[in-house]
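Engineer: Got a structure for you, questions after.
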Amino acid sequence: SLCPGLASSPECACGRSHFTCAVSALGECTCIPAQWQCDGDNDCGDHSDEDGCMLPTCSPLDFHCDNGKCIRRSWVCDGDNDCEDDSDEQDCPPRECEEDEFPCQNGYCIRSLWHCDGDNDCGDNSDEQCDMRKCSDKEFRCSDGSCIAEHWYCDGDTDCKDGSDEESCPSAVPAPPCNLEEFQCAYGRCILDIYHCDGDDDCGDWSDESDCSSHQPCRSGEFMCDSGLCINAGWRCDGDADCDDQSDERNCTTSMCTAEQFRCRSGRCVRLSWRCDGEDDCADNSDEENCENTGSPQCASDQFLCWNGRCIGQRKLCNGVNDCGDNSDESPQQNCRPRTGEENCNVNNGGCAQKCQMVRGAVQCTCHTGYRLTEDGRTCQDVNECAEEGYCSQGCTNSEGTFQCWCETGYELRPDRRSCKALGPEPVLLFANRIDIRQVLPHRSEYTLLLNNLENAIALDFHHRRELVFWSDVTLDRILRANLNGSNVEEVVSTGLESPGGLAVDWVHDKLYWTDSGTSRIEVANLDGAHRKVLLWQNLEKPRAIALHPMEGTIYWTDWGNTPRIEASSMDGSGRRIIADTHLFWPNGLTIDYAGRRMYWVDAKHHVIERANLDGSHRKAVISQGLPHPFAITVFEDSLYWTDWHTKSINSANKFTGKNQEIIRNKLHFPMDIHTLHPQRQPAGKNRCGDNNGGCTHLCLPSGQNYTCACPTGFRKINSHACAQSLDKFLLFARRMDIRRISFDTEDLSDDVIPLADVRSAVALDWDSRDDHVYWTDVSTDTISRAKWDGTGQEVGIVGDTAFLESPAGLAIDWVTNKLYWTDAGTDRIEVANTDGSMRTVLIWENLDRPRDIVVEPMGGYMYWTDWGASPKIERAGMDASERQVIISSNLTWPNGLAIDYGSQRLYWADAGMKTIEFAGLDGSKRKVLIGSQLPHPFGLTLYGERIYWTDWQTKSIQSADRLTGLDRETLQENLENLMDIHVFHRRRPPVSTPCVVENGGCSHLCLRSPNPSGFSCTCPTGINLLPDGKTCSPGMNSFLIFARRIDVRMVSLDIPYFADVVVPINITMKNTIAIGVDPQEGKVYWSDSTLHRISRANLDGSQHEDIITTGLQTTDGLAVDAIGRKVYWTDTGTNRIEVGNLDGSMRKVLVWQNLDSPRAIVLYHEMGNVILVRSNLPGLWVRASGFLSFNIRQRYIQSSELLYNKKTQLCSLWIWAPGGTTVDTSSTSPLTGFNKCGSRNGGCSHLCLPRPSGFSCACPTGIQLKGDGKTCDPSPETYLLFSSRGSIRRISLDTSDHTDVHVPVPELNNVISLDYDSVDGKVYYTDVFLDVIRRADLNGSNMETVIGRGLKTTDGLAVDWVARNLYWTDTGRNTIEASRLDGSCRKVLINNSLDEPRAIAVFPRKGDPGEKGLIERANLDGSERKVLINTDLGWPNGLTLDYDTRRIYWVDAHLDRIESADLNGKLRQVLVSHVSHPFALTQQDRWIYWTDWQTKSIQRVDKYSGRNKETVLANVEGLMDIIVVSPQRQTGTNACGVNNGGCTHLCFARALDFVCACPDEPDGRPCFLVPGLVPPDPRATSMNENNPVLPNTLPTTLRSSTTRTRTSLEEVEGRCSERDARLGLCAHSNEAVPAAPGEGLHISYAIGGLLSILLILVVIAALMLYRHKKSKFTDPGMGNLTYSNPSYRTSTQEVKIEAIPKPAMYNQLCYKKEGGPDHNYTKEKIKIVEGICLLSGDDAEWDDLKQLRSSRGGLLRDHVCMKTDTVSIQASSGSLDDTETEQLLQEEQSECSSVHTAATPERRGSLSDTGWKHERKLSSESQV
């Protein structure tokens, strides 16, 4: 009995004599008699009456399972779960597994390959207790341990299953704006603008279809959502939100549920059968309310349903007790035997066939496992387990009392003996995600990317054997394919697609099938897209999903049109049949279970997954809940996998029960189609076509167990195996974006797209069967193109690509003379040319108003055209433009298409305004209406045979009728958007005889048909006159206008009575050509392109193109050619300059750079020697001999006038206008007037000779000064700034006042950061972080070579040691500082520890976070003896420079936005300039500090003394980086490393007190020796003992820093060596560089000279000590400055990290300075040498080093006194005193600083003087001094 549950308690109150069952899910309780508890019978229906009971005893032959089930004892421990609770397999002796098997913990054995494959094969998951795999270097580890691609981290897309890849991400960077041809989706993605409001969801979120006021309406039977989406009209107001914006459920009054549906409380409609089924299908539970009176309750499978609706256990049936209460369980209908009361199990087994047990004194028969009790209650019947769906995964064989599961080929039975596992690799789910295609492992979290940067990938499939993946893109309307590794992407089908939503691969016969809901077709082709055929086209509405069964030769598809259905046919299109057509609304996904021989599909409208047999029988819902919007589905083994649009997830469930639902992946972008990538999803099958394609010439398609030969669309079949090779006749029509054909050779009349490229807006068509060409006009590209009828041999723009067209609306072919006629509604012309576009000429240009269509009639020599301007009319004229006359002028509105019936001599036309098709005689007589009704908007018109064909815009159809009567109308195609012109291609045009066929009629150029009697006439190309003989044309234009039109240069002849432009055929791409000029002397045209930033020239016939100026241009709006003086002048509004150069671009010079504001047009008045400049507020101007010519942008015309601007004449109107302005010039073949003032010898000038009113003047190229003779120039500037700006290296001369930048023409610059200059060889060195190389080149751009090309990551800093000929650089990617020889050899890492993004090489700065202490440091050139100079109040010290005039160091701080300075010890610090924007690099010259600034994009300077007089040297320069000064005063001086490399075999490094030799990190094959001048002994000739190994085999390769010793004795090198061995360098440690021994390698004569010098210095020191208290100021014009920068080029927020360097020791030689004026504040500073550089110091402790004087000149040399490189800056250009200053200061003949010589500039190169120093072997000591 049933009783309602109490509201306050989940329990029910049953009587004492009753047992209370568990409360049901609906809150109902069941009461049963107490004696039924623990009777082994399921009386409650949920087994709650049997839980915890003592189980009945099984027979001795059976095993008692834990769940009460009795099984055969022989089944115990057999490896099968027969009890269904695994109790028969517990406590079994361990089974011995084979070697290739894995032992499960439950005793099962599985294949070793199944271990850790993500699948629970053991059943207890013991085979999946695996360690997490390690992610690779290019992967990111999610929090759950899975690995994803590294670049997916923080990309805005949740790729980790737990979303950990999008946690703790930096603030989102705003999406970059889309360009003008793109539309930006709501989430930032860019799509082509043509896809905006096209009805397709190209963005993926419908943002491209929102706010579409002009959106095209949906089809009939559809409802258009507010977003633009079209849905089935029957879904309107059905209670289910089918529109993405829910607009289909707004303003609804009543729900429109059908009779087979139940209306939920929310208004939603669900199936009526789902009412009261125990599942909440309405989502508000309204379908499950008030269900108690709807029928009897459903009993459990092991219960009996009484007549009164009560449920009792099956064992109580026919037990002699009225358990039901209505005796229905004991009724005769149940075949119950009368009880005798004498029954006993001991007598004849109680009459039971198998098992007998006594229950309450009565016999109860039961059966063994595998049997069921029959209705007589005594006998047992075999249970057919195979009849129970899902009992076995695949195959099942039933036998008496048992069964056996088996698997298809390619599968293996799992240990449970019921489920099958696929053999082979681990399965992978392959799915389309709109913007990419990804792979996910279903049993684990592995997630990888296959293809990305896709537009809108929807459908996909794969070919496992060929390792290919195919997908369709509904935005591009293409089908593409790639290798399964993502490589080799290529198009398969690129034309004729509208919405390819389904895709399927026939892996047996290698065919590709697809559905297209836009064209309502199913098509097939080879895997490469060849032999494409429309397979099914009739009675299709919106075919969507498609699946193949190649083994059976069957194709299945879904159609969700107005009559949703699932259909099937043979794979050749025959045998079409309906699989399901009821209870379907939106059947999306479809898949086939080949092993289970079933199909599965999803219905997004009904939110259900269903299955059926392949013939449609046994249809059943698998899942009907939790499916918001399923889209695609696949099956593998026992699982279903599907994608859902709403949840944006991939889900799985059991394919039999729908249970075990799991989310495989969620938070996807937009999951679309899905497939299981596994070889068993494409099992092997018989190829019916064999190896020879079945003998078919084209397509071989399977059909059942046979095959059919098929032909591509439109090709007729000539026999059972062969197809025609070409088409004889077909209907040709244009659809704007494509051109199609409908073959008349076949019956299907399917339209086929001709595969053409870049068809944007095709309008007019014609054809020529002699060469199989099709011609068309394109009003978007304004071109006329042609191709073969099959799409091959396409020639784009035979007319218009190099000649001006505006709106070519009509086209006609003269097949007799091979001429092409066309109308242009934009220019109001009719023109003609050869069929290849050559020899174009204008035929008619007067009294035309929007001419439209044109046809020719070569037999009579006439052409006909329609004109639908203000006075619509139809005209005709001879094909040479003679005998023009109007033939129809009344009752016309929009006369569109024209057609001629050559047989009946009739002219047909269609009028879209009058909505008629009419005809008349060829002279306009006998006019008659052919069709006057049901013609909404006819456009194209053509005739063939007895039919007339036309296109109609409004009905979107192609129709035909009888050409004589207009009756028998038919529709050939419908639902075709944007229909245009139409023609019938055939091969029966009538032949015509004409003189033009024979030797071109004697014409030199064009021979045209004309009316009889002449029959032909000769004419000339545009702009050229016909000579009096009437046959020959003049050789060219005599006088003409030439003008620029941004993308081309054109000429307008002044020799002819009309104005028509001709393009100069220059074979290059122009972007924004504005300024133009002509050199009549050489017949060349010059032009400037402001987008490409170049000035070019070419001959007037387009040949010999060359770029003459390619650098330093921004917006060159004005250009003028001095044909007499052979110069070219131009203006630049970007740089505000006027420049001049030779005609080849050489000797370029800035003429005017001040007081200019956007200079634009420029003209030359050569007779006066003047330049006339037009500012930007005037449109244009140029000068002719008789007056001015000007053009007006707004009014779109060019006009001429006299010099005083009277007698204006308009030359050209609308067609010559170009947006933004053009430049026009005039040219003539007449001789030039005027004379060259510079004469034949260039006026005696070495470079430029420029005319002026009173004569001429000589000038030099930019930045170079004219010499005193007024004639000659230096080859280059003497002092200049050299700076980098990523893509260029430039210089600014400091010799001249214009400060104009000149590009150094170094090729292949990508991202130049740091640079330096070597004055010895005159080469510039630079780093390119894009290529990760260090290169060098001459300043003229020649001899560019890569110095370091490998092993670099981010080379930021660079410095040249011009003395030792070494190169230093920093690498922030590797955190190292390295050195090499200048040629890149002997490469060595100097510092690789305690560095974090080292930048500028000179100071080794470490960049840190704002707030951390920045540091400025210095070190020796070998990396030793670091010292901190500045360590407080620093942010990002980017650039530094050292000034020897004021003995101060300057630096810029990009974080604190200021420029500071301090003395050379870091003291007396002061701020020079505050509030600078973002300074980057710094340098100094004379009284100025120069720096580059990122924010202002400029180079600026200030006075270094006061910080005032701030000036901008150069503005508006993008990407400014490093800056240095090149000057003769820089890079002077020498040291021992500069002479014979210090005697070192490889690297020589000068240090503060000595120098060291070092070896490269990688041996170069040469013996490396660390002692100067000593040649290493041959290891083969020298025998050493164990304690003294051969030195060359153990040469040290790394440096050892020494900061505590200023002198190293030989004994200290190796205690166990003798002094002799130590001197020979045979005892050096393997981990240190060896300093040069005193006097090593020097001549004895220098020891004597050194002694004398030391004595002189001692005298000077004594004098200095007497005057220490006095202030002094030292100036040294010979001193250079240190320059270095910190190229933090990545972002302005890079960290600033600076590293400390120990202070180097002071040494023994002094460089004295002259005393300065009273203004200076450093008079108490002591002067000393630190690391060989003359520095200032106020530190008294450092004067202790004066005691360590050496005894000889050799000792002085050894310690590199006055070495020109301080390791405060390896990039330093320090100097020492010249001879004169030293003489004045020391009053001696020689000083240790006097050996310095000035290095020559690159143009005046000199070598360092040879000092004559010789190697001295004698050691020196202090005692000897």
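If you go along the chain as it appears here, the first residue is 1 and each next one adds 1.
Using N, Cα and C of the backbone, Cβ positions are placed for all residues, glycine too.
Okay, these came from TrEMBL:
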type     : residues  : note
COMPBIAS : 1594-1606 : compositional bias 'Low complexity'
COMPBIAS : 1802-1825 : compositional bias 'Basic and acidic residues'
DISULFID : C38-C53   : disulfide bond
DISULFID : C58-C70   : disulfide bond
DISULFID : C97-C109  : disulfide bond
DISULFID : C104-C122 : disulfide bond
DISULFID : C135-C147 : disulfide bond
DISULFID : C142-C160 : disulfide bond
DISULFID : C178-C190 : disulfide bond
DISULFID : C185-C203 : disulfide bond
DISULFID : C197-C212 : disulfide bond
DISULFID : C257-C269 : disulfide bond
DISULFID : C276-C291 : disulfide bond
DISULFID : C306-C324 : disulfide bond
DOMAIN   : 405-420   : domain 'EGF-like'
REGION   : 1583-1606 : region 'Disordered'
REGION   : 1772-1825 : region 'Disordered'
REPEAT   : 467-509   : repeat 'LDL-receptor class B'
REPEAT   : 510-552   : repeat 'LDL-receptor class B'
REPEAT   : 553-596   : repeat 'LDL-receptor class B'
REPEAT   : 597-639   : repeat 'LDL-receptor class B'
REPEAT   : 772-817   : repeat 'LDL-receptor class B'
REPEAT   : 861-904   : repeat 'LDL-receptor class B'
REPEAT   : 905-947   : repeat 'LDL-receptor class B'
REPEAT   : 1083-1125 : repeat 'LDL-receptor class B'
REPEAT   : 1126-1168 : repeat 'LDL-receptor class B'
REPEAT   : 1322-1364 : repeat 'LDL-receptor class B'
REPEAT   : 1365-1407 : repeat 'LDL-receptor class B'
REPEAT   : 1447-1488 : repeat 'LDL-receptor class B'
TRANSMEM : 1644-1667 : transmembrane segment
Engineer: When you scan the chain for residues with a C-beta under 8 Å from the repeat 'LDL-receptor class B' (597-639), skipping those not six or more beyond its ends, what do you find?
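Structural biologist: Long-range Cβ neighbours of the repeat 'LDL-receptor class B' (597-639): 232, 235, 240, 242, 271, 274, 279-281, 393, 411, 419-422, 427, 429, 431, 442, 545, 547, 549, 552, 554, 556, 558, 566, 568, 578-580, 583-591, 645-647, 652-658, 661, 671-676, 678, 680-681.
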Engineer: If we skip the immediate neighbours and take only residues 6+ beyond the ends of the domain 'EGF-like' (405-420), which ones have a Cβ under 8 Å from one of its Cβ atoms?
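Structural biologist: Sequence-distant neighbours of the domain 'EGF-like' (405-420): 79-81, 104, 108-111, 121-123, 391-397, 594-595, 637-638, 679-680, 683.
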Engineer: Give me the stretch from 553-596, 772-817, 1083-1125, 1322-1364, 1447-1488 with the greatest number of Cβ pairs under 8 Å to the repeat 'LDL-receptor class B' (467-509).
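Structural biologist: Per the Cβ under 8 Å count, 553-596.
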Engineer: Short question: which residues 6 or more past the ends of the repeat 'LDL-receptor class B' (510-552) have a Cβ under 8 Å from it?
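Structural biologist: Distant contacts of the repeat 'LDL-receptor class B' (510-552): 459, 463, 466, 468, 470, 472, 479, 481, 491-494, 496-504, 558-563, 569, 571-573, 576, 587-592, 594, 599, 601, 614, 632, 683, 685-686, 698-699, 701-702, 704, 710-713, 748, 750, 752, 975.
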Engineer: Starting from the Cβ of C257 (disulfide bond), draw a 10 Å sphere and report how many other Cβ atoms land inside it.
Structural biologist: 18
Engineer: Do any of C58, C185, C197, C257, C306 (disulfide-bonded residues) have a CA within 10 A of C109 (disulfide bond), and if so which?
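Structural biologist: None, since no candidate lies within 10 Å.
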Engineer: Hey, which of the disulfide-bonded residues C104, C142, C160, C190 is the loneliest by Cβ count within 10 Å?
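Structural biologist: Least crowded of the disulfide-bonded residues C104, C142, C160, C190, by Cβ count within 10 Å, is C190.
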Engineer: Highest CB neighbour count within 10 A among the disulfide-bonded residues C276, C291, C324?
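Structural biologist: Ranked by Cβ atoms within 10 Å, first place goes to C324.
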Engineer: Take the C-alpha atoms of C197 (disulfide bond) and C203 (disulfide bond) and report the distance between them in angstrom, rounded.
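Structural biologist: Roughly 11 Å, rounded to the nearest whole number.
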Engineer: Among C38, C147, C212, C269, all listed as disulfide-bonded residues, which has the most CB atoms within 10 Å of its CB?
Structural biologist: C269
Engineer: Measure from the CA atom of C257 (disulfide bond) to the CA atom of C212 (disulfide bond) and give the result in Å, rounded to a whole number.
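Structural biologist: About 31 Å separate the Cα atoms of these two residues.
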Engineer: Please give the average pLDDT for the domain 'EGF-like' (405-420) in this predicted model.
Structural biologist: 88
Engineer: C324 (disulfide bond): which of the disulfide-bonded residues C53, C58, C97, C142 is the nearest Cα neighbour?
Structural biologist: C53
Engineer: Whole-number Å distance between the CA of C160 (disulfide bond) and the CA of C58 (disulfide bond)?
Structural biologist: 53
Engineer: I'd like the number of other C-beta atoms within 10 A of the C-beta of C58 (disulfide bond), please.
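Structural biologist: I get 20 for this one.
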Engineer: Among C142, C269, C291, these being the disulfide-bonded residues, pick the one whose CA is nearest to that of C38 (disulfide bond).
Structural biologist: C291
Engineer: What subset of the disulfide-bonded residues C53, C70, C257, C269, C291 lies within 10 angstroms of C135 (disulfide bond) at the C-alpha level?
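Structural biologist: So far as Cα distances go, none of the disulfide-bonded residues lies within 10 Å of C135 (disulfide bond).
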Engineer: Counting other Cβ atoms within 10 Å of each Cβ, which of the disulfide-bonded residues C97, C122, C306 scores lowest?
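Structural biologist: Counting other Cβ atoms within 10 Å of each of the disulfide-bonded residues C97, C122, C306, the minimum falls on C97.
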